[in-house]
Structure formats: structure tokens, C-alpha cells
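Below is one structure, written out as C-alpha cells; comments come after it.
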Amino acid sequence: MQGCDASVLLDGSATGPGEQQAPPNLTLRPSAFKAINDIRDRLERECRGAVVSCSDILALAARDSVVASGGPEYRVPLGRRDSPRFATAQDVLSVLPPPSSNVPSLLDVLRKIGLDATDLVALSGGHTVGLGHCTSFDDRLFPRPDPTMSPDFLGRLKRTCPAKGTDARTVLDVRTPNVFDNKYYVNLVNREGLFVSDQDLFTNATTRPIVERFARSQRDFFQQFGVSMVKMGQIKVLTGDQGQVRRNCSARNSGTADGLQWSSLVQTVVDAAAEGLGF
Ligand code: HEM
């Protein structure tokens with residue numbers, strides 16, 4: 001919401017519910033939040049202090065999950081610091097596009113954060129793994145089937161979600177649900193995208209050629225996915241003495257001077273990345 005600052009990891013507080021409690025984020029998995037905190041604890045021990053920020057851990061964990069499921073390796077610039085504040089539920093609702101969004105409205109949202117149509121198509125390829133709830137797409141099944149969906153796929157989804165509001169989940173990528181590959185785009189070409197936000201990438205004249213290119217070439221998809229992830233991971237990052245390096249990813253540090261002794265190291269890494277020197 002506020003940039004790549006790990007604010008989504010913060011628990012709510014006495015001042016109100018956090019980002020996690022906002023409806024679009026309710027499906028984020030508790031096991032994922034725990035995994036990040038476990039990594040954080042191990043780094044705290046290894047580095048003897050709060051050196052690696054939760055936002056850098058998130059960016060690296062995202063990269064490693066992609067690699068572990070068969071996807072591309074890409075270099076992640078480091079040096080982010082963490083926000084001491086979470087976005088409100090209202091902010092989340094006003095900024096995060098719902099899965100019923102079409103391409104023009106997705107592009108509107110992305111343009112505001114410096115991303116374009118190619119980024120949209122490449123990043124949506126993240127839906128090559130994972131699960132979605134019936135309630136995220138059942139308005140495409142009831143009361144009338146979405147005509148852009150293949151009849152076979154419709155039949156299959158109706159077996160998982162026989163009525164509106166069924167509490168069940170299905171795979172986002174019907175061909176290779178657990179492998180990070182380009183089959184997500186092959187699904188779209190075959191009208192087997194799960195959300196409107198997926199299928200419209202093929203219906204829309206601006207994004208269709210990009211979908212077709214990625215469906216033909218996994219190499220092109222992998223290359224662009226890395227570029228777009230790095231771009232997304234640099235949106236409004238906190239560096240230098242901004243924000244903090246959280247000791248516990250779920251809670252902001254108390255006091256104000258926390259973690260600042262590491263700002264020069266962090267800044268050096270950011271500068272090196274910006275100059276293309278690696279990290
Ligand atoms: C383009 C805008 C996007 C929309 C509208 C969107 C929407 C959604 C929705 C509705 C779900 C399922 C929630 C549920 O019903 O449980 C989901 C799941 C998921 N999304 Fe996206 N998403 C978008 C972009 C992305 C991006 C950029 C990535 C990563 C690069 C991504 C990766 C995932 C993954 C991995 C899951 C599965 C999570 C799980 O298995 O628990 N999505 N997305």
C-alpha cells in the first residue's frame with residue numbers, strides 16, 4: 001500500500017486493525033507470516049542484531065519461493081527499511097484492485113506506481129502457483145456464466161463451487177498448479193484464466209500480444225518476470241535513516257532510535273545496487 005516496506009506484516013494495534021485485517025488480505029496465509037518471522041529470528045542470531053529488514057527478507061523470500069517452484073533466479077537489490085506504520089483497511093480497499101478488475105482499471109492502478117502493461121502481464125504470471133477461493137471468482141459462474149470462459153473450464157469450476165458463496169478453493173493454474181512456468185499464459189489463450197483480472201489480459205487488445213508472447217516463450221516470461229519483480233520491489237522503499245529495521249516483523253520497534261546504527265551499511269548496499277555494482 002505504502003510501498004515495499006513490509007507494512008503488511010504488522011499486526012493491528014490498539015489504534016485499529018492492520019492491513020492484514022483488510023478484506024482483500026484476509027486470505028494471506030498465517031504460515032507465511034510465521035515463515036518470515038522464523039527467518040528474521042535466525043538472521044538476528046547470525047548477524048547479532050537487527051541488520052536485515054523485514055522488507056528485504058520478504059523480497060528475498062519471494063525470489064527464493066519462485067526459484068524453489070521452478071521459476072527464474074533474479075538479483076534483488078537490498079537495503080530497504082521497514083515502515084513503523086501499517087496502512088488502514090480503508091487504504092487497502094481503495095488501492096488494491098479486486099479480482100473482478102478489467103485491464104483498463106488495473107493499468108490505472110499500476111500507472112500510479114510506475115508500472116506498465118508489460119509489468120502487469122508479467123507479474124500476473126505469479127498466478128502460475130497457488131490457490132483462490134470460490135468467492136474470488138464465483139460472480140463469473142453465477143447467475144450467468146462469463147462468456148469469455150471455456151465451457152469445459154466452467155463445468156470444472158462449478159463442481160468445486162456448486163453455489164455462490166461456497167467455501168472452497170481451487171488452483172490458479174489449471175495445467176501445472178505447483179510449478180512456476182509459463183502455463184498460466186497457455187491457460188489464458190485457452191480461456192481458462194480463473195479471475196476476470198487474469199482472463200481479461202487475453203481479451204484486451206493492449207495486453208493480448210504480451211500474453212501470446214509469454215505463452216510461446218517461457219524464456220521471455222522468466223526474463224520479464226525478474227525485471228518486473230525488481231521494479232515492484234523498489235516502489236517507495238525506505239532507506240537511510242527512514243523507517244526502522246524491525247526486531248519482530250509483526251510489531252514495530254518501540255522507541256525511535258532503533259536500528260539506526262546500521263543505516264550506513266544499508267545505504268551502501270542501496271547505492272551499490274543503484275550503480276549496478278551488485279550487492
Ligand atoms: C494484478 C493484480 C492482482 C490481482 C487482482 C490478484 C488477485 C488475487 C486473488 C483474488 C487471489 C486469491 C485470493 C483467494 O481467493 O484466496 C490471489 C492469489 C495469489 N496471487 Fe494474486 N493478484 C494480483 C497480482 C499478483 C501478483 C503481482 C502476484 C505475484 C507476483 C500474485 C501472486 C499470487 C499468488 C501466489 C496467489 C496464491 C496465494 C495462495 O495460494 O494462498 N498476484 N491473487
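Note that the numbers count up from 1, one per residue, in the order the chain is shown.
Just so it is clear, glycine is given a Cβ too, placed from its N, Cα and C backbone atoms.
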Of THR128, THR135, THR148, THR207, which one shares the Ca(2+) 2 site with ASP173, THR176, ASP181 in TrEMBL?
THR128
Can you give me the same-chain residues 6 or more apart in sequence from ASP181 (Ca(2+) 2 binding site) with a CB-CB distance under 8 Å?
GLY70, GLY71, THR128, GLN218
Around the C-beta of PRO97 (substrate binding site), how many further C-beta atoms are within 10 angstroms, looking at every protein chain?
15
Would you count the other CB atoms within 10 A of the CB of CYS249 (disulfide bond), including those on all shown protein chains?
25
DSSP secondary structure for ASP5 (Ca(2+) 1 binding site), reduced to helix/strand/coil, please.
coil
